[in-house]
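A.B. asks: For reference, the structure I am asking about is given below.
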Amino acid sequence: MPKVGKPTSKRVPVRLRHNIQKAGAAKQRKARKLAKKNPEWRSRLKKDPGIPNLFPYKDKILQEIEEKRRQKEDENARQKDLAKAQRLGTAVADTEATEGLEENEEDEDALYELGTDEEDSMQVDDSDANPMAAFVASALARAAEHDKANQSDSADEMDEDDEEGWAGIDDNAAGVSNSSTRKDSSMKAFRKEFEKVVDAADVILYVLDARDPEGTRSKEVERMITAADSGNKRLMFVLNKIDLVPPPVLKGWMIHLGRSFPTLPLRASKPAPNARIFDHKHLTIKGTSETLFKALKSFAEGRQLKRAVSVGILGYPNVGKSSVINALSMRLGGRAGACPTGAEAGVTTSMREVKLDNKLKLLDSPGIVQSRSVDTSKTSKIEEHARLVLLNAVPPKEIQDPAPAVTLLLKRLSSSPELFAKLLDVYGLPPLMSTNGDLTTDFLVQVARKRGRLGKGGVPNLHSAAQTVITDWRDGRIQGWMDPPVLQIAPESTVPAKAGEAAPVGDRKEIVKELAAEFKIEGLWGNGSDDAVDTMEV
């Protein structure tokens, strides 16, 4: 017989066992890394396998689950009815607690009469006979009066909102939920804060976006400010985000806006990551904020008031109003976050006061949007909403359909082959060849594939791709701007201007020079003359 050998041991050295564990961990890390690069959609939630078909009591378990679900729905409905009845002021008793208690028909008739007729409910004899019925009747009467008062108050509030025509962002234009809370906050509460800032301020800084100054400007607001306090309030334009436009465009807008009111450029904050900016040399955050501060100090010294001069900051949402205050406060060594800021619109919701020194205090205000479109058609509302989206005046979570805004952006950039080529370069796209005539869809499909915005089965998610484009536009990764208008000077006429018409260019220029003299910004890029603007070191 062959000799049975000694069985070999299955023990493994510690060194080899650790190598096996390391290899397993490395394989898992590699799998996770490859899974992140995979553009196909995968759900992170594990699918419930359910009850196996071969399980003998499957039907019974499913019936129990369905019965529990139905009971839960019934309980939720009962709780809602009970809460609704309690809000109306009625005394609703639980059905289980009232079982076995029967009332005769005479008591029910008396209770009904007492609940419907206020005079009968106050009779002494009835209250002595049935005190609970009298209590219920009085509660019903008070609830009816309260409902009538609420209806009259809500009607008055709607009338007040419609008086002055302040229309915030039209939520119905793109399918946004048109709730009463949203209307209150944008049209009523924000308008009150806006009026508080105008009434309390001596000087108004109207902050404009350098990429589209006319789009973020409201002539109605300007007329309201100049007419307030018998014309004693002063208005100054602050052109923010100047690093997102080239020097020639900035120079043209300074000349154009300087013909209406004193205008100063400003870099209020640092650009977003990967933003494509222009170098304006000496127009830095520190230099422009010091220039603005000197202009405000000169105005405060010229007024010689015993109190601090109030400076109100107005403008569209997300044009950088709070960033202007932070830039001025940091110039004096103040704290960096004097006012909270954010890339999205709607960060500031009420008036906020920031004191710079004994002579100056700043008033921050929420952004107000006044509708420009008189046409109330659905197409006009969609176009107006798209314009507001490109102005960053709509929070991203309230943009239900960003495609019209992308269409408007492509339409604007298509007018300049250079800007459109830069847009394609941002996403690394080849020249677009629209086969079906829909340039927006073809563009979003390409962006979705490049950025991995794909749904289940690799289908491009156009909504997510459009949101990406809007975010890149907001943060300055996509270059684009509106060119300043060219002034056509008509031959001089001796006919005086009619009432309500604008003053001639020469007279308006003299008025602006007088206003600029109060701020002593002669030669500081803001007097509106062509010679002064030529001296800008850009």
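Placement of Cβ uses the backbone N, Cα and C atoms for every residue, glycine included.
Feature list, courtesy of TrEMBL:
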type     : residues : note
REGION   : 21-55    : region 'Disordered'
COMPBIAS : 27-36    : compositional bias 'Basic residues'
COMPBIAS : 37-49    : compositional bias 'Basic and acidic residues'
COMPBIAS : 68-84    : compositional bias 'Basic and acidic residues'
REGION   : 68-109   : region 'Disordered'
COMPBIAS : 96-109   : compositional bias 'Acidic residues'
REGION   : 144-185  : region 'Disordered'
COMPBIAS : 154-165  : compositional bias 'Acidic residues'
DOMAIN   : 191-371  : domain 'CP-type G'
A.B. asks: Apart from its near flanks, which chain residues at least 6 from the ends of the compositional bias 'Basic residues' (27-36) lie with a Cβ under 8 angstroms of it?
C.D. replies: 42
A.B. asks: Please list, for the compositional bias 'Basic and acidic residues' (68-84), how many residues fall into helix, strand and coil according to DSSP.
C.D. replies: 17 helix, 0 strand, 0 coil
A.B. asks: Over the span of the domain 'CP-type G' (191-371), how high is the average pLDDT in this prediction?
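C.D. replies: Per the prediction, mean pLDDT sits at 83 for the domain 'CP-type G' (191-371).
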A.B. asks: Which numbers of helix, strand and coil residues does DSSP report for the compositional bias 'Basic and acidic residues' (37-49)?
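C.D. replies: Output for the compositional bias 'Basic and acidic residues' (37-49) reads 1 helix, 0 strand, 12 coil.
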